[in-house]
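What Swiss-Prot lists as active site, proton acceptor is LYS166, HIS285. The substrate binding site annotation in Swiss-Prot covers ASN114, THR164, LYS168, ARG286, HIS318, SER370. Under the heading Mg(2+) binding site, Swiss-Prot lists LYS192, ASP194, GLU195. Marked as N6,N6,N6-trimethyllysine by Swiss-Prot on the basis of sequence analysis: LYS5. As annotated by Swiss-Prot, N6-carboxylysine applies to LYS192. Swiss-Prot lists LYS325 with the feature site 'Transition state stabilizer'.
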Amino acid sequence: GVGFKAGVKDYKLTYYTPEYQTLDTDILAAFRVTPQPGVPPEEAGAAVAAESSTGTWTTVWTDGLTSLDRYKGRCYHIEPVSGEENQFIAYVAYPLDLFEEGSVTNMFTSIVGNVFGFKALRALRLEDLRIPTSYIKTFQGPPHGIQVERDKLNKYGRPLLGCTIKPKLGLSAKNYGRAVYECLRGGLDFTKDDENVNSQPFMRWRDRFLFCAEALYKAQAETGEIKGHYLNATAGTCEEMIKRAVFARELGVPIVMHDYLTGGFTANTSLAHYCRDNGLLLHIHRAMHAVLDRQKNHGIHFRVLAKALRMSGGDHIHSGTVVGKLEGERDITLGFVDLLRDDFIEKDRSRGIYFTQPWVSLPGVLPVASGGIHVWHMPALTEIFGDDSVLQFGGGTLGHPWGNPPGAAANRVALEACVQARNQGQDLAREGNEIIRRAAKWSPELSSACEVWKEIKFIFEAMDTL
């Protein structure tokens with residue numbers, strides 16, 4: 001005989017190990033597993049562990065040349081999901097040696113590379129990862145982080161204000177630069193390239209970079225405040241992306257931008273290293289995230305993509321607005337917002353946090369709230385996100401009836417009023433609309449904005465949907 005037992009394997013014999021004690025160096029994953037009818041949860045959980053680590057579908061003789069026990073993933077715990085029939089959370093532990101140091105790309109290729117097409121599963125979703133500190137220490141992380149950014153910009157004690165320049169496609173570079181200048185001059189801290197503004201026939205990247213740099217220097221000189229515009233360096237090749245970042249650095253601007261999911265983690269990590277080495281802040285847009293994270297039972301939850309971004313590197317990341325969205329999102333959104341900002345986050349299933357995660361001093365990332373928000377949302381946003389955030393009003397600035405500078409001024413007045421009210425002990429949740437109305441009395445720009453957009457009902461109680 002050949003000295004080993006040939007044939008197709010029963011995964012749970014090898015990969016389901018409920019007695020396993022997880023190691024501090026293991027990467028832990030929580031998967032939401034929906035097995036095919038007739039497949040027991042232990043077999044499904046074990047199949048996930050096998051297929052995302054050392055397993056293959058049949059016994060191979062080269063298994064004898066390695067130590068499976070040292071390298072295999074293990075499904076160490078399975079629990080049913082309450083309220084769902086035939087859905088389970090399977091916890092899998094991976095030995096650290098399965099992963100290349102400092103590579104988010106390799107981590108994802110291993111953990112989610114193959115297993116999502118597995119026949120024994122009807123659906124699979126990666127809900128959370130626990131990254132061991134020994135692995136985190138192999139990553140640079142964000143180029144600068146929250147504190148360094150505040151020091152660079154000299155802005156403290158309040159959220160930062162931004163605005164995406166619209167219409168996002170079709171403006172010439174000169175007109176685009178004009179809109180940037182007007183918004184910054186009116187009181188915003190940042191303006192932003194849209195995620196799909198790269199280098200198109202109507203506006204090549206170099207022209208846009210030049211006119212935007214001119215705009216922000218002019219606004220800076222006139223306001224005495226440091227200004228920034230997120231210059232989108234995303235490109236078709238890594239070389240071209242770095243070329244654009246180099247040009248931004250030569251212009252002396254403070255910040256560039258990248259679409260990290262469409263651009264890819266390898267490109268993103270390269271750009272983050274360049275940004276730290278050259279003093280550029282890095283704004284991250286999450287275009288394509290909903291392709292991965294929108295389905296409740298299949299895909300990857302955004303908190304995992306957020307964790308991965310903190311490892312790969314970025315100083316800002318878009319993370320939803322909470323207001324005006326579905327109920328139940330508030331606690332879960334704040335779960336991954338804190339995961340981005342804080343140095344340590346405690347396991348809390350009510351917020352979707354499956355594992356306690358220490359970040360061992362990796363810099364934090366500022367969450368960016370953007371999309372469909374306006375001056376009436378300001379108290380809610382200030383209350384929910386706190387000071388360490390970027391609030392972005394695209395239409396909420398450029399849609400002002402008097403033009404861009406008054407639109408920017410209205411947002412700045414609303415923000416300063418909310419911060420002042422909060423610091424004086426007022427309850428933003430209950431008195432929010434009143435605070436905005438009072439501020440509008442001495443700001444015609446805000447008063448006009450208040451008439452265009454409607455007051456919102458700010459209801460805190462959320463139906464959690466874990």
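Cβ coordinates are placed from backbone N, Cα and C, and glycine is handled just like the others.
Note: LYS166 (active site, proton acceptor) has non-local neighbours ASP194, GLY394, GLY395, LEU398, i.e. same-chain residues 6+ apart with C-beta under 8 A of its own C-beta. Long-range Cβ contacts of HIS285 (active site, proton acceptor) within its own chain (separation 6+, distance under 8 Å): GLU195, ASN232, MET257, HIS258, ASP259, TYR260, ILE317, HIS318. When the binding-site residues LYS168, HIS318 are compared by the number of other CB atoms within 10 angstroms of each CB, LYS168 has the fewest. Note on SER370 (substrate binding site): other Cβ atoms within 10 Å of its Cβ, all shown chains, come to 21. In sequence order, ASP259, TYR260, LEU261, PHE302, LEU305, ILE317, HIS318, SER319 are the residues near ARG286 (substrate binding site), counting only same-chain partners six or more apart with C-beta under 8 A.
In this structure, the CA atom of LYS168 (substrate binding site) is 10 Å away from the CA atom of LYS192 (Mg(2+) binding site).
A 10 Å cutoff on Cβ-Cβ distances gives ASP194 (Mg(2+) binding site) a total of 18 other Cβ atoms nearby, all chains included. Taking CA atoms as the reference points, SER370 (substrate binding site) and LYS192 (Mg(2+) binding site) are 11 Å apart. The CA atom of LYS192 (Mg(2+) binding site) is located 36 Å away from the CA atom of ASN114 (substrate binding site). On its own chain, THR164 (substrate binding site) has THR191, LYS192, ASP193, ASP194, SER370, GLN392, GLY394 as residues at least 6 apart in sequence with a Cβ closer than 8 Å to its own Cβ. Long-range Cβ neighbours of ASN114 (substrate binding site) (same chain, at least 6 residues apart, Cβ-Cβ under 8 Å): GLU51, SER52. The residues near the Mg(2+) site, meaning same-chain residues not in LYS192, ASP194, GLU195 whose C-beta sits within 8 angstroms of the mean position of the site's C-beta atoms, are THR164, ILE165, LYS168, ASP193, ASN196, VAL197, TYR230, ASN232, MET257, HIS285, in sequence order.
Under the DSSP three-state reduction, HIS318 (substrate binding site) is assigned to strand. The full span of the recorded substrate binding residues, ASN114, THR164, LYS168, ARG286, HIS318, SER370, taken as their largest Cα to Cα distance, is 37 Å.
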